[in-house]
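Colleague: Below are the features I grabbed from TrEMBL:
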COMPBIAS  A:1-14  compositional bias 'Basic residues'
COMPBIAS  A:44-63  compositional bias 'Basic and acidic residues'
COMPBIAS  A:64-78  compositional bias 'Acidic residues'
DOMAIN    A:120-230  domain 'Translation initiation factor IF2/IF5'
REGION    A:1-83  region 'Disordered'
Amino acid sequence: MFKDLAKKKKKSKKPKEGEEAETPAADGEFDPSALKKKKKKKPKTTDADDFEAKLAEVGAVEKEDAEEEKTEEPIQEGDMEKGTGIWAHDATTPIKYNNLLKRFFTQLHSHHPDLASTGSKSYKIPPPQCLREGNRKTIFANISEICKRMKRSDEHVTQFLFAELGTSGSVDGSKRLVIKGRFQQKQIENVLRRYIMEYVTCKTCRSPDTELNKGENRLYFVTCNSCGSRRSVTAIKTGFSAQIGKRKRQQG
Amino acid sequence: MSIIENLKDKDPFAEADDDSGEKVHKSQDYIHIRIQQRNGRKTLTTVQGLNNQKFNFDLIIKHFKKKFACNGTIVPESSTHKEVIQLQGDQRKNVYEFLTSKDFLNMDAKTIKVHGF
Ligand SMILES: [Zn+2]
């Protein structure tokens, strides 16, 4: 990883720096033209605060850019993963903006998917790992990992799972959840998705960065860390549960 | 005595629905459709919260049995005096459609909660 990073820096010194400076602030208002300009004027201006001034400058630089793109006609080839062609360690050809942008996003997606995604739709949790124990039990192996990711207690999630699946179970020595009944990964995933909707996402801003606390008078509240909204959530209720397999005892 | 017109159709103290802001039924008014696993791949569907004063459970069960081709019973629920309909197999979708269908009970989808996987 670090090796990789170091390599990258050398590979494309100028543009890389431009990218670095721009992207954290860019978030909502990503302006490619600003970046383009920056790439070229690198030595002159580096601070990103001066957005207004830069914008004005962009107008002047735009034409220049167009001309340059024409001269850069030769097709830029090479595998950016392997570092061949234009991506080679000691390559000196200036890399086209589009190519750099592509590289930036591929790497962002592979290394920091959280940063690349916005909104609750792309909120990701590791897929539940389900193993079969014997014929009648399912082991949900990575429950504590998932709970940590959602910032919820294992007990609360377990309670919800049991209530929704209409079953019971236990926790084994290595913190895995043993659920009575046969369940597929997909099914557990569905229940977890509903849990997230009910108890994790903020209904106001859709952020998953929330906390579940026991408020006054036994009510549970979800407090959002990004917008500060607070809502009460229903306690988990098991509801009616049918008697299964007890008829024999009743008869006998 | 005049009646305050504003309060006629809307209950100002009802809980607001999270998404739409509309008032939503109290939790005890929900109809819960649940699923339970029995032995092997066999399952059981339970319908809790349906008003047995308003609907004829015997008729409903008869319809379920015939339409869904499954067996079913009415089980008394100890905590409330409402009864629970119990059907064999995963009939959650069927029951949900029956409850919301215009031809049958024509209930509001918001009052129904389908549980399970
Ligand atoms: Zn929020």
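Glycine too: its Cβ is placed from the backbone N, Cα and C atoms.
Since the structure is predicted, the reported quantities are computational estimates derived from the model, not experimental observations.
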Colleague: Please average pLDDT over the domain 'Translation initiation factor IF2/IF5' (A:120-230) for the predicted structure.
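Modeller: It averages 89.
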Colleague: Using DSSP, what's the helix, strand and coil tally for the domain 'Translation initiation factor IF2/IF5' (A:120-230)?
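Modeller: Helix, strand and coil residues of the domain 'Translation initiation factor IF2/IF5' (A:120-230) number 39 helix, 26 strand, 46 coil.
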